[in-house]
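Asks: Below: one structure in structure tokens.
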Amino acid sequence: MFLHSVNLWNLAFYVFMVFLATLGLWDVFFGFEENKCSMSYMFEYPEYQKIELPKKLAKRYPAYELYLYGEGSYAEEHKILPLTGIPVLFLPGNAGSYKQVRSIGSIALRKAEDIDFKYHFDFFSVNFNEELVALYGGSLQKQTKFVHECIKTILKLYKGQEFAPKSVAIIGHSMGGLVARALLTLKNFKHDLINLLITQATPHVAPVMPLDRFITDFYTTVNNYWILNARHINLTTLSVAGGFRDYQVRSGLTFLPKLSHHTSALSVVSSAVPKTWVSTDHLSIVWCKQLQLTTVRAFFDLIDADTKQITQNSKKKLSVLSHHFIRHPSKHFEENPAIISDLTGTSMWVPVKVSKWTYVAYNESEKIYFTFPLENHRKIYTHVYCQSTMLQGVDLSWKAELLPTIKFLTLRLQDYPSLSHLVVYVPSVHGSKFVVDCEFFKKETRFIQLPVTHLFSFGLSSRKVMLNTNGLYYNIELLNFGQIYQAFKINVVSKCSAVKEEITSIYKLHIPWSYEDSLTIAQAPSSTEISLKLHIAQPENDSHVALLKMYTSSDCRYEVTIKTSFSQILGQVVRFHGGALPAYVISNMLLTYRGQLYSLFSTGCCLEYATMLDKEAKPYKVDPFVIIIKFLLGYKWFKELWDVLLLPELDAIILTSQSMCFPLISLILFLFGTCTAYWSGLLSSASVRLLSSLWLALKRPSELPKDIKMISPDLPFLTIVLIIVSWTTCGALAILLSYVYYVFKVVHLQASLTTFKNSQPVNPKHSRRSEKKSNHHKDSSVHHLRLSANDAEDSLRMHSTVINLLTWIVFLSMPSLIYWLKNLRYYFKLNPDPCKPLAFILIPTMAVLGNTYTVSIKSSKLLKTASQFPLPLAVGVIAFGSAHLYRVPCFAFIPLLLHALCNFM
């Protein structure tokens, strides 16, 4: 029945949109590198010692606890407090466990053992009862206050010690990082209680899914405080993102705001972190061995030898974090590195006059200094590049940089006009082989421009560059690339002359405006595919160019091809805007609902949901209004009028401020919303028919109601009971129960209509006479309306749309219900409850609609008004609900309320 109302072209369109959505979803959930993280293991059995909290505190927060992590003898020794180490507090995120601290805690313990416990860290962890704070924001403030109490409790454990700490370092995973930042917003919180904050996969910019106003209010409070008080916040903060493997929290949300007067914050993607160089998913970021080793090395370099605690020197803290997380010079951190090196001694000095030089060290017993005179080279070349495969050892230059298989140095000769020689130092080695390569080159031969292909080329065209010189290093400038909606595939083909040994090439994507670099290691000869897409769009005032840095072999020739990747563009649409889809689905359904109500008003009958969706759900009815409003808000007078009316900020402006505007993105999302609304309607229609068949199989056949009663005797009682349930427990629970009641009424009507049709004789003339008789009786009896088969079918068509709207309202209300059920043993009443106000209105509305038939509202004076409201609401849900999903149900229930009121007016 549902499919019959759709023509083949529309059905083909809906299938095609499903195909496009599948491509985008595949890219988000599967289109990334394999998990290259090494698992971190405990060397001894992990133990979690519960820290006793004050009774008042434990009573105020019965679901929360504080633990101290330990292993083996360390755990045994520290069961007797007080403590003597450096305190670090781990805060888990959404549904996170306090036991996630074990990875970094164990690695730090091993590191302390290596230095005979000269310094050691005490890792504490908070048990938030694995609360779903990404779904329900009402407990975020409570968690923040509990963490404040935990910090004060932790510092008391060190009282009386010689080097007692006055502050703690915090590691926050996911929403735990946001809770840590929120500490600074508390009235009685002293900022110097935190000396360092490291967040892992924390969405700092905005919530992943703004499902209730408590989450968005919490974000607004935290971010506004940090922006307005940036000059006074001296907290060194590092945010680490997981990269494209983390599809739960996209990396663009993890970047802390860049403020010119706040230089104590760093944001980096794990794939760009030296000695890590891997993308992590949302959970593996807390146990990824490479990343945790880097974090622990940074912690030990942050220790002040005088206080035996983390240094209070902000400059040193930032230098240490930059050394380990941004650019590693292949040397141990030194606070004041020596610029001048002593080159005296009995070592061999060898002059080198060629422009390209390779040295292979096997088992040399003496140190060698190779000297390159620069006077003649300056006349011909602009740069010098050196690389070494020996990753361990002494380096004389802090300009070097570390990569997985080499460390390299690039110098621009004109920056060192007084330098007479370049010296390459080769230490004595025993039993190990390494290679040192150096070359002088002209910039124009190694810095090559490659414009990216057009967005709408769909991968049908490509651009290519050949690297025919036998160089060691190339910089390919990717011109016209800087937007998040751009995505490309780069293919690097290497062809090598006959060589016996394996040749390794490294391709590094360098994004200069954000630390989101990624590395690809390839064995030559080979064909290597690299994905090119962004987490952060290029700022408007930034003129840098994205680079593909190639560390190559002189024995190989390289061919680089770039073309647009359509599937990855769709992936970027899903990644950045998929959360807004419910708003566009509801907008489509509201337009369909409007068409059905107006059809009922003008013709007296209601068309099929799918037919009306095809007829009414058009993007030109919605998008132009949003675009015009956004344009007018650029004028001062309109903005002042907007503020006077107390209207919220337009979501399109918020997305623009976050550099998330795609070309035609609203149109694309609207079409995806149309497709989703269609398949949602098909599913709900099939479900009602299936349930009605099951009802008829279990119960005796029911008849169409003889008399239509808008308010049955049990309806007021049921409504009052559900409102009491909403008030005393959870509003979403009451909404769900009301929805079940409404579905039951629709299923019962469907079953009654099926029984009626099956009982009618096959003779069509007799059927028409019966229908006329029924209609005549209906017309002659105004106060006791009878329901004909046509009226029942019309009512079912209308109920089909209402069920679709209610299904999405219930779906968007479910997060708070899930949170309430999970914490039922601690709290019987959800407080604060984001769904309670909605429940108070929606419960009686659904109760009335469950007993509403089209025949009872055709003559309503309110029907024309009710049919006009969904259009502005369809515009409003896009304008104000695409970035604030909790507002979507508020737009959806208004036409439902007017529909219900049509029974009485």
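Glycine residues also receive a Cβ, built from the backbone N, Cα and C atoms like all the rest.
As annotated by TrEMBL, transmembrane segment applies to 12-32, 650-672, 718-744, 802-821, 837-857, 869-898. What TrEMBL records for 83-301 is domain 'GPI inositol-deacylase PGAP1-like alpha/beta'. Per TrEMBL, the feature domain 'GPI inositol-deacylase transmembrane' maps to 580-904. If you look up TrEMBL, you'll see 758-783 marked as region 'Disordered'. What TrEMBL lists as compositional bias 'Basic residues' is 765-776.
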Asks: Is it true that the transmembrane segment (802-821) and the transmembrane segment (869-898) have 3 or more CB pairs under 8 Å, sequence gap of 6 or more?
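Replies: Contact criterion met.
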Asks: Under 8 Å, at least 3 Cβ pairs, sequence separation 6 or more: does that hold for the transmembrane segment (718-744) versus the transmembrane segment (837-857)?
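Replies: Answer yes: the transmembrane segment (718-744) meets the transmembrane segment (837-857) with 3 or more Cβ pairs below 8 Å.
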Asks: Considering only the recorded stretches 650-672, 837-857, 869-898, state which has the highest number of Cβ pairs under 8 Å to the transmembrane segment (12-32).
Replies: 650-672
Asks: State the non-local partners of the transmembrane segment (869-898) in its own chain: residues 6+ outside its ends, Cβ under 8 Å from one of its Cβ atoms.
Replies: 206, 209-213, 216, 579-580, 582-584, 586-591, 593-594, 597, 621-623, 625-626, 629, 648, 650-652, 654-655, 666, 669-670, 802, 805-806, 808-809, 812-813, 834, 838, 841-842, 845-846, 849, 862
